[in-house]
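One structure is given here, and the rest of the page talks about it.
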Amino acid sequence: MNKVMDCLIDRIKKWQPYFDAFAANKYVSGMRNGLIAPMYVLLFSSIFMVITYVPNIFGFYWSESVESMLLRPYDLTMGVYGLIVSATVAKAFTDILNQKQETGKSISALATMVSALSVYLILMGDPVEGGISTEYLGASGMIVGIIIGLVIPNIFKFSIDHNLTIKLPKEVPPNLSESFASVIAYGLAITVFWIFDIIFKNFSGGMNVAEALMNVLNPIFMAAESYLGMSIIYGATAFFQFLGMNGPDIVFPAVKPAMFQNLAENQELYRQGLHSFHAMTNASYDMAIAFGGTGATLMVTLMFAFLSKSKGNRAVGRAAIVPVMFNVNEPITFGAPLILSPIFLVPFILAPIANTILLRLFITTLGMSGFIMEVPWTTPGFIGTILGTNFDPLSFLLVPLIAIVDGIIYYPFFRVYDQKVLEDEKAKEELVLAGAEEVTTKTEELAEKPTGDSIGKDKLNVLVLCAGGGTSGMLANALNDSREELKEEYGVEFTARGGHYGQHSEFMSETDVVILAPQVSSHLTNMQNEAARHDAIALGTGGTEYIKYTQNPKSAAEFILNSISKQ
C-alpha cells in the first residue's frame, strides 16, 4: 500500500512547479494580498455584532435607537468593504508591479488606491434620491472591487512606460511633481471605466456590473457551498498542503470572494432575525474545518503527545501542542512529519471533509447559526467556533463532535505510524549496543565557524515571512530570544521580525535578510528580485529545515551567515 501511495505522490509532485507558478502568479498574489490586508476591518466590525447581539442570548434586547447607534461603525466599515478592497488590491498589485519597474518609473501606490476608489464609486454608486445607493458598496461588490484593483495599476503602468505623464521643472517640489505625474493615468482610468459603465448599463437595461456579475456567479457559489462542493474545495486544500505547498494559496483565490460575501449575508440575516444559513465562510474554515490547522491536525497532535510509544513522536507532539492549538501546525506537519508521509495521506484529507459535512449538517439541517463574525485565525478552533456563531447552543455540541470524529479518523493511521517509528528506534538501539554503529558521530562539517567579521557586519535585521504570520513568528522569536547568546557566539546582533508575505513591503528598507517559511517558498524568485532592490538577500527553507531553525537558533544563525558569505 505504501509503495502505491509513494508512486502516486511522486507522480503528483511532478506537477508541483505548475501549482507553485499559479500561487506565485502576480494577479493571484495581488488579489490574495489585497484581500488579506483589510482583515482588521472584518475583525473590528464583528466586535459591534458581538456587543449588539450577544445580550440577546440572555433575553436582553437593546432599543431600536441604541441598536442603530451600536451598528453604525459596522455599517460604515463592513458596509463599504467592497470599496475598501478595491483600494487594498490596487495597493498590493502596485507593489508587485513595482518589483520589475525600472528605476525612476515606479508606480505610485497612493495614486492607484485613489483611482480605484474613484472608479469603484463610478461603477457601484448608482444615483438615488438624495445621494447614491450603498447596496453594492459592501461585500456584494467585492468581486468588481478586485477586478478594479487589478486593472487600475496596469493603466498606470501603461501610462508610465509610454511616458504619458506631465513633467514639471526640477525646481518644483517632488510631492507636487508626483501629483501632476499621475494626472493623465488617473484621467485615463476614470474615462475608461466611465465609458464602460455607460455602455454596460445601456445594454443591460440599467443594471450595474456587480448586479449582473452576481446573477451569473450566484449559481456557481451555491454549487460550491453544497456538501460536494465544499468537500472538494477543502479536500483539495488539504491535498495540496499535504504535498508541501500552501493549499489555501492555490485553492482559495477562486472562493475567497464568495466566503466574504457569505459572511456579509449571514450578518444581515442575523440582524433581521433570520437563519444565517451560509456554511462557507473564511472563519468557518479556520475554526471548524481546519481544526488545528490545514489537515485538521489538533487531535493527531494530542495523540503524538500523549499516546505515542515512540519517544521521538512523543517529543514532537508535546513541542507542537501549543502552536497547533492556535492553528500554527507546521511543528507537527513538518516535525513528525505528516507532510508527504503516505500513512497520513488519507486522514489528512478525510478529516477536513468530515468536519465540512458536520458543519454544514449542523447549519442546514439542525438550524445552527452560520458564522456571523470574523474570528482571528490564530484563535483556538474550540473557542472560535463558539464565538463565530455568536454562542449558538449547537456550537457547544459541534466542537466536541468534530474533535471525536477527527480523533477516530486519525487514530488507526497514527497507531500504524507510531509502531513503525518505535520499531525503527528499537532497531537503532540494538545496532548501537551491538557496536555496529558508532555511538558518537560527527555531524558538523569541519569548516570555519561563520562570524560577523566574515561578512563585514555586526548587526543583521532579519524578516521572516510565512502565509499567515504565525509560523514566521516562531523563528523570529527564537532569534530574538537568543540575541545575546548569538552575539557572543558569532559577533552579530540579530534582530528579527515575523510577518505575512504580501504585507512586507514597508519593512524591506530596513531588512538585510528575508527568510521564507516553507508555505511561501514558491515566491522565492519574486522575493529575491524584490530584496535585491533593497540590497538585501532572500532565502528559502524546507519544512524539516525550518522546524530545526526554530528549535535551534544557532543553526539558523549559521544558515544566515553562511548564505551571506556565499553572495
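Start at 1 and count along the chain as shown; that gives each residue its number.
Glycine residues also receive a Cβ, built from the backbone N, Cα and C atoms like all the rest.
Annotation comment: TrEMBL describes 11-413 as domain 'PTS EIIC type-3'.
The domain 'PTS EIIB type-3' annotation in TrEMBL covers 459-566. In the domain 'PTS EIIB type-3' (459-566), the DSSP tally of helix, strand and coil residues is 63 helix, 24 strand, 21 coil.
Feature annotation from TrEMBL assigns phosphocysteine to Cys466. Its Cβ taken as reference, Cys466 (phosphocysteine) is surrounded by 26 other Cβ atoms within 10 Å in the chains shown.
Annotation comment: TrEMBL describes 40-62 (among others) as transmembrane segment. Using a Cβ-Cβ cut-off under 8 Å and counting only residues 6 or more beyond its ends in the same chain, the transmembrane segment (40-62) has close neighbours at 70-71, 73-74, 77-78, 81, 84, 260, 263, 267, 270-271, 282, 372-376, 387, 390-391.
Annotation source TrEMBL lists transmembrane segment at 74-94 (among others).
Feature annotation from TrEMBL assigns transmembrane segment to 106-124 (among others). If you look at the transmembrane segment (106-124), the same-chain residues 6 or more away from its ends with a CB under 8 A from one of its CBs are 82-83, 86-91, 93-95, 97-98, 132-133, 136-137, 141, 144-145, 148-149, 152-153, 155-157, 160, 178, 181-182, 185-186, 189-190, 193-194, 197, 208-210.
Taken from TrEMBL, the feature transmembrane segment covers 136-158 (among others). With a cut-off of 8 Å between Cβ atoms, the residues of this chain six or more beyond the transmembrane segment (136-158) that come close are 27, 30-31, 34-35, 78-94, 97, 101, 107-108, 111-112, 115-116, 119-120, 123-126, 164, 182, 185, 188-189, 192-193, 208-211, 213-214, 217, 257, 260-261, 263-265.
Among the features that TrEMBL reports, transmembrane segment is placed at 179-200 (among others). Residues 108, 111, 114-115, 118-119, 122-123, 148, 152, 155-156, 158-160, 164-168, 208-209, 212 of the same chain, all 6+ positions outside the transmembrane segment (179-200), place their C-beta atoms under 8 angstroms from a C-beta of that stretch.
Under the heading transmembrane segment, TrEMBL lists 220-243 (among others).
Residues or ranges marked as transmembrane segment in TrEMBL: 287-307 (among others). Residues 234, 237-238, 241-242, 247-248, 313-314, 316-318, 320-321, 324-325, 327-330, 332-333, 336, 338, 344, 347-349, 351-352, 355-356, 358-359, 371, 375, 379, 381, 384-385, 388, 398-399, 402-403, 406-407, 410-411, 414, 418 of the same chain sit 6 or more residues outside the transmembrane segment (287-307) yet have a Cβ under 8 Å from a Cβ within it.
Residues annotated as transmembrane segment in TrEMBL: 332-350 (among others). Within the same chain, residues 1-2, 5-6, 9, 235, 238-239, 241-244, 293, 295, 297, 300-301, 304, 313, 316-317, 319-320, 324, 409-410, 413, 416-417, 420, 518, 543-544, 546-547 sit at least 6 positions outside the transmembrane segment (332-350) and bring their C-beta atoms closer than 8 Å to a C-beta of that stretch.
Among the features that TrEMBL reports, transmembrane segment is placed at 357-373 (among others).
According to TrEMBL, the feature transmembrane segment maps to 393-413 (among others).
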- Message: Within the same chain, where does the transmembrane segment (74-94) have neighbours whose Cβ lies under 8 angstroms from its own Cβ atoms, ignoring anything closer than 6 residues to its ends? I mean 6 or more beyond.
- Response: 26-27, 29-31, 33-35, 37-38, 41-42, 44-45, 48-49, 52, 107-109, 112-117, 119-121, 124, 134, 136-142, 144-146, 148-150, 152-153, 156, 210, 260, 264, 267, 502
